Amino acid sequence: MAPVSGSRSPVREASGGKRRSSSRSPKSIKSSRSPRCRRSRSRSCSRFGDRNGLSHSLSGFSQSSRNQSYRSRSRSRSRERPSAQRSAPFASSSSSAYYGGYSRPYGGDKPWPSLLDKEREESLRQKRLSERERIGELGAPEVWGLSPKNPEPDSDEHTPVEDEEPKKSTTSASSSEDDKKKKRKSSRSKERAKKKRKKKSSKRKHKKYSEDSDSDSESDTDSSDEDSKRRAKKAKKKEKKKKRRGKKYKKKKSKKNRKESSDSSSKESQEEFLENPWKDRSKTEEPSDLIGPEAPKTLASQDDKPLNYGHALLPGEGAAMAEYVKAGKRIPRRGEIGLTSEEIASFECSGYVMSGSRHRRMEAVRLRKENQIYSADEKRALASFNQEERRKRENKILASFREMVYRKTKGKDDK
């Protein structure tokens, strides 16, 4: 062990340490400067040296030279020995082996190569994360290429016919608005012209009236009568004019409302056409609740009507059921004729059942029939009661009829 360690020079070991250190990443350099990392690495180096038959002095010296060589080559050469002295308290076994010539094994937690690998993996992972974030924000045009600023319209969504139709509709709407404005302007100008004419006519009338008053100044009584007549005529004319104006205004309003309604209906039809241009307009839409094609209309025959499962008792059925009730047996249903009630009960216990809807219907019929069963005395009492009621009704009707006949005949006799 000792002669092998003595044969190598510390300068060569330092140079070897420099070469090894040049292949490392910069993050591992910073982490190796901490005292804990130095401690663990010195321990791992000592173990590694023992396994390969090398002394602890070489490993300690190489570790110190590695730590210092990352700063600069010029500084590392001058500070090799002091750095070895600094690392001596943390790796006492390595320094004692170098100066004293004996070695003492010191157990470390983990070998330093595994820590370096972890640090490298961490740095690579951080780089990948940052690259992914950058690509997510900016994109990668060299891989995917830039997306088009104005995407081309899809052939299915935008057809040239559909693109032309909205243009036509907009032009038609604008033209209709212009026509409305022109009509309003023309109506206003007409009203102004009418007002001017009325003013002129009123002025002329005033002039004529003044001339007449000058000429007829001698006869005041005649002029006063004429004035009153004229005033009455003027008032009548004004009333007539007002009525005419009101009628004209109403007509104009009705015309405008009609035009607006027609315009709104045309706009709605245009919007509907834009929504679905392929819809058939010739056929009027009829609200139908049914969805899908209509079933062929066939005349309902008597065979198609639902079967009546016997609401009333058949002849002789009531007596047979009464016998079953007296015996305390189950009344057989109509669908179960041919079997005894005991057989039917055994079948039902073993799990044989009728179809659900038929079973329910039959059960209801059975219960109703059980309620319909009366004894002989009850039947007699009911028959007598019914006969009495019928006689009373008949007597009332006959009496009322006799009274009516008597009145009619009595009236004829009196005449």
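Glycine residues also receive a Cβ, built from the backbone N, Cα and C atoms like all the rest.
These features come from Swiss-Prot:
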type	residues	note
COMPBIAS	23-32	compositional bias 'Low complexity'
COMPBIAS	33-44	compositional bias 'Basic residues'
COMPBIAS	54-71	compositional bias 'Low complexity'
COMPBIAS	84-108	compositional bias 'Low complexity'
COMPBIAS	116-136	compositional bias 'Basic and acidic residues'
COMPBIAS	156-168	compositional bias 'Basic and acidic residues'
COMPBIAS	181-208	compositional bias 'Basic residues'
COMPBIAS	212-225	compositional bias 'Acidic residues'
COMPBIAS	230-258	compositional bias 'Basic residues'
COMPBIAS	259-270	compositional bias 'Basic and acidic residues'
COMPBIAS	277-286	compositional bias 'Basic and acidic residues'
CROSSLNK	Lys283	SUMO2 cross-link
CROSSLNK	Lys305	SUMO2 cross-link
MOD_RES	Ser7	phosphoserine
MOD_RES	Ser9	phosphoserine
MOD_RES	Ser62	phosphoserine
MOD_RES	Lys110	N6-acetyllysine
MOD_RES	Ser147	phosphoserine
MOD_RES	Ser155	phosphoserine
MOD_RES	Thr159	phosphothreonine
REGION	1-309	region 'Disordered'
REGION	177-272	region 'Necessary for interaction with CIR1'
REGION	273-415	region 'Necessary for interaction with HDAC3 and transcriptional repression'
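Summarising model confidence by region, the region 'Necessary for interaction with HDAC3 and transcriptional repression' (273-415) averages a pLDDT of 74.
With DSSP classes pooled into helix, strand and coil, the tally for the compositional bias 'Basic residues' (230-258) is 29 helix, 0 strand, 0 coil.
Break the compositional bias 'Basic and acidic residues' (116-136) down by DSSP state and the numbers are 21 helix, 0 strand, 0 coil.
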